[in-house]
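As annotated in Swiss-Prot:
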{"type": "DOMAIN", "residues": "17-207", "note": "domain 'RNase H type-2'"}
{"type": "BINDING", "residues": "ASP23, GLU24, ASP116", "note": "divalent metal cation binding site"}
Amino acid sequence: MAERRIPLKHEYAQDGKVIYGVDEAGRGPLAGPVYAACVVLDPADVIEGLADSKQLSEKKRISLADQIKQRARAWAIASASVEEIDRLNILQASLLAMQRAVVSLRPISNALVLVDGNHAPRLDCEVQTVIRGDSLVAEISAASILAKTARDIEMLRLHEAYPVYGFDRHKGYPTKAHLEAIRLHGITDIHRRSFAPCVGQSVSGARTTSFINQKEA
């Protein structure tokens, strides 16, 4: 299958606007932070193969993430913690992560921030939401790839701390294996206690000694 670049919608490319694409990763999992990314692509340096991160293999996502970081005009990745998710709710925490990613790039005066979905963070610049933006707008697609790969790396790191939960396989999503691990071991301090399967569960001490020593070093 031929690779393709997702074309910008015509109206978004007008008026000399600089497009900042924004997307998040990790709203559905029971554990771990939620991530967001913001990307400004170079129109003169087309990155082939961009698509919704969920439609790409892990190998392809990693390859594209490296290209985006090397060839984009600007990019940023941010997150909101499990504590923020439980305190604010997952939607507001996702918007907070998006806001952090965009603000860290200090958008210029003619910036147009395009956000995947139908909710946008509060920003001091022009913002539009785009339903299915990760499949329609190259900048949003690139942001979805950076957010997803960054979160996956974090969940692999957390797997070292809590290997019995299998975060290396499901990345915190509510798979059958993950739910069974919660039933057997309880939850950890990186589980989202406001999410239904985790509500009322006891906190486990199932953390590896090597990870504790690493954190304390």
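The backbone N, Cα and C atoms fix where each Cβ goes, glycine too.
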Return one of helix, strand or coil for GLU24 (divalent metal cation binding site), based on DSSP.
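In the DSSP reduction, GLU24 (divalent metal cation binding site) maps to strand.
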Please list, in sequence order, every residue of the chain apart from ASP23, GLU24, ASP116 whose Cβ lies within 8 Å of the Cβ centroid of the divalent metal cation site.
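Neighbours within 8 Å of the Cβ centroid, excluding ASP23, GLU24, ASP116: VAL22, ALA25, ALA36, ALA37, SER94, MET98, VAL115, GLY117, GLY133, ASP134, ILE140, ALA143, SER144, ALA147.
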Which has the fewest other CB atoms in a 10 Å radius around its CB: ASP23, GLU24, ASP116, the listed binding-site residues?
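Per-residue Cβ counts within 10 Å for the binding-site residues ASP23, GLU24, ASP116 bottom out at ASP116.
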Would you mind giving the whole-number mean pLDDT across the domain 'RNase H type-2' (17-207)?
95
